[in-house]
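A short write-up of the structure that comes next.
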Amino acid sequence: MELRVGNKYRLGRKIGSGSFGDIYLGANIASGEEVAIKLECVKTKHPQLHIESKFYKMMQGGVGIPSIKWCGAEGDYNVMVMELLGPSLEDLFNFCSRKFSLKTVLLLADQMISRIEYIHSKNFIHRDVKPDNFLMGLGKKGNLVYIIDFGLAKKYRDARTHQHIPYRENKNLTGTARYASINTHLGIEQSRRDDLESLGYVLMYFNLGSLPWQGLKAATKRQKYERISEKKMSTPIEVLCKGYPSEFSTYLNFCRSLRFDDKPDYSYLRQLFRNLFHRQGFSYDYVFDWNMLKFGAARNPEDVDRERREHEREERMGQLRGSATRALPPGPPTGATANRLRSAAEPVASTPASRIQPAGNTSPRAISRVDRERKVSMRLHRGAPANVSSSDLTGRQEVSRIPASQTSVPFDHLGK
């Protein structure tokens, strides 16, 4: 018997799950377009899907934001039908033998800064910036980076007056310890600067393959998080970034120098990496390391030029749509839902705060076919689950998962 949603979509196989419900592959009955269908039992104790849909409505209009196809109730379930997305950057990192080339890191950095800037422009901070929460698009949007999972997001300023939330201390650590900012470890209320500092650690994770505070042993989780904090604070930025272009240490030093309520200079940070990209002589061909491993060679110039034009057209359309959505209502409440913690790579459950490679690493390491197939359990691109983090795919339950995503400009070398 064929299961239908909204009398328009066919329900297919299950492709993921979280504590909030299950995610299925679906298809538009008329057009055959593949979609992601999220189901949540109407009797669930802590309904999340309605809150998630509010985030999407608030973020709609930005380039690359997954479009919401349909929302409503179907039988015993709350349902949200949305655009299907591809694998996460953590999945792709594993596919590439846990090392990205400098070119790929810089291409990603540019887009990731823009995603965070967009969230901040909508008056929210993400508070869980990590590779699992960035996904690639599919098809002609396969080179567009999306940001997902607003389960820990918090409103940091009033939408109308832009009054910033007050500075506070003795806060519980919220987020993922591996990428948490030093101020977060110290129990200081998070703000825009912390999302960007976390991104700096993500970029060095992509460069190095792992961070110095990974793999630390401790008797309890609390002690482990304290050891991570101590190691992070005792590792100078210059040591962390040794062997890599100075732009990475400049980025992190800039983020750590920001005051609590400062508005970061996103353009300056993007330009740091764009200038480095130019000096390295890299090409704006949108060929990431996983493309090389998948196809064995770069695409022809006609394909590259076509993709560049598509990106620029998406950008222009997104700017027009975005300007029409600024009056949308604010997102979900930021109480218990936003404060619940998630489990992933060194996840932090509400705890009290208290290999160098030359910079010329410009192409991915070859790996054997067997290794690659083993690592590709994440289903590279086609048919990959939509808006599902790596932890969903490995069966780990998440607390208060509210995936959402937004994007702004892909690596637009003609602007800014």
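These residue numbers are counts, starting from 1, taken along the chain as shown.
Backbone N, Cα and C atoms are what each Cβ position is placed from, and that goes for glycine too.
The model shown is predicted, which means the values in this text are computed figures rather than measured ones.
Database features (Swiss-Prot):
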{"type": "ACT_SITE", "residues": "ASP128", "note": "active site, proton acceptor"}
{"type": "COMPBIAS", "residues": "301-318", "note": "compositional bias 'Basic and acidic residues'"}
{"type": "COMPBIAS", "residues": "351-365", "note": "compositional bias 'Polar residues'"}
{"type": "DOMAIN", "residues": "9-277", "note": "domain 'Protein kinase'"}
{"type": "MOD_RES", "residues": "SER343", "note": "phosphoserine"}
{"type": "MOD_RES", "residues": "SER354", "note": "phosphoserine"}
{"type": "MOD_RES", "residues": "THR362", "note": "phosphothreonine"}
{"type": "MOD_RES", "residues": "SER363", "note": "phosphoserine"}
{"type": "MOD_RES", "residues": "SER389", "note": "phosphoserine"}
{"type": "MOD_RES", "residues": "SER405", "note": "phosphoserine"}
{"type": "MOD_RES", "residues": "SER408", "note": "phosphoserine"}
{"type": "REGION", "residues": "301-416", "note": "region 'Disordered'"}
What is the pLDDT of the domain 'Protein kinase' (9-277) when averaged and given as a whole number? 94
Quick one: what's DSSP say for the residue listed as 'active site, proton acceptor', helix, strand or coil? coil
Applying a 10 Å Cβ distance cut-off over all chains shown, what neighbour count does the residue listed as 'active site, proton acceptor' have? 25
